[in-house]
Amino acid sequence: MASSGEEPKSGSPGRAGTGTQPAPTGDAAQLDTAEDFEVLEEEEEEEEEEEDLSELPPLEDVGRPPAPPREDTREQGGGDAAEDPQEWLDVLGSGLLKKKTLVPGQGVDTRPRKGQDVTIRLKATLEDGAVVEENPALTFTLGDCDVLQALDLCVQLLEMGETALIVSDAKYCYGAQGRSPDIPPNAALTLEVELLAARDAPDLELLSGKEKVELANRKRERGNFFYQQADYVLAINSYDIALKVIGSSSKVDFSPDEEAELLDVKVKCLNNLAASQLKLDHYEAALKSCNLVLEHQPGNIKALFRKGKVLAQQGEYREAIPILKAALKLEPSNKTIHAELSKLVKKHADQKNVETEMYRKMLGNPSAASAPGKCKDKLPWSIPWKWLFGATAIALGGVALSVVIAARN
């Protein structure tokens, strides 16, 4: 539930703070976020196989048939969901996320609202009863995806003082990746939750520079977690929230160091945002994010690389190549940039060959395949000769007609 510092590597051991995702390793702590070149190299190796994002799970599967009740529901929940359906609430109507009240709360009007900071007591167990997490006072912003989706969806249904049991499919917990080393892939969880407190979130305008940096970093780190889970939609959501925090107006004066820290976090968020948008083929949005980074840091290698990659995906090889060359000049030893640049140069050459062949067929002269290149200095090679001759004939015809009219007058 707490996020992982800088971008967590897949399979990192241990957990951070409240323990809802892997803690950063030594190397990961040096990464900007989910788009560092170490990660880009991994992307490059996998690029031979196009990613199929169609299988990414949606946030809710309302139309999915209810799943059969699990045997462990009776053991850990103190009741049988199938025999006593009145005690269980099927939160999404899919059977994948269910809630049962153990201790009643203080009434429906005491339920927390989205945007509030809530504090809960949490105990999480696997299907075999193994306890994987205990937190006597976990605080998070409800609705910001700061914690497991199972908690974000169910805590807003709790009354103040209520204790509830939540049985969640892996989809709303740690998904197909799990959490090394204690939560295996595709593991369902049972969460015992008590709502302790709910209060309005702090006014962003009144936050000090340090508080603003810490809050923005927490949201950014949560985005890194979702990026590693391949949930790019939620990653974008977290980065957007972080940028909103940074960009909010303030009634407090910041020191130059605090201003520099906020700019650093902003650049990291924008770079990560571009990485996530590129994963979803949102090219225009990714290009905008890259340009915003380059406005602040024209020599930002990651933003240059991302921008070049976005332009390449749009088929703009002529524009992408010099941008990647600029990135390579800043970091000549980077293998990822070398590989991407080589690939683009080849694609650009192939594109030019196709265009040349197309114009050769338009001219109808097999021997003129190289004519456009030879005439480049005299005329735009993209103008077919037949058009030029036609235009000349029309012009000459117009002159002749003018002479005839003048003679008759």
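In case you wondered, yes, glycine gets a Cβ from its N, Cα and C as well.
Listed in TrEMBL:
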type: REGION; residues: 1-85; note: region 'Disordered'
type: COMPBIAS; residues: 1-13; note: compositional bias 'Low complexity'
type: COMPBIAS; residues: 33-54; note: compositional bias 'Acidic residues'
type: DOMAIN; residues: 115-199; note: domain 'PPIase FKBP-type'
type: REPEAT; residues: 301-334; note: repeat 'TPR'
type: TRANSMEM; residues: 385-407; note: transmembrane segment
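Per-residue pLDDT, averaged along the domain 'PPIase FKBP-type' (115-199), amounts to 95 for this model. For the repeat 'TPR' (301-334), DSSP puts the residue distribution at 27 helix, 0 strand, 7 coil. With DSSP states grouped into helix (H, G, I), strand (E, B) and coil, the domain 'PPIase FKBP-type' (115-199) comes out at 12 helix, 40 strand, 33 coil.
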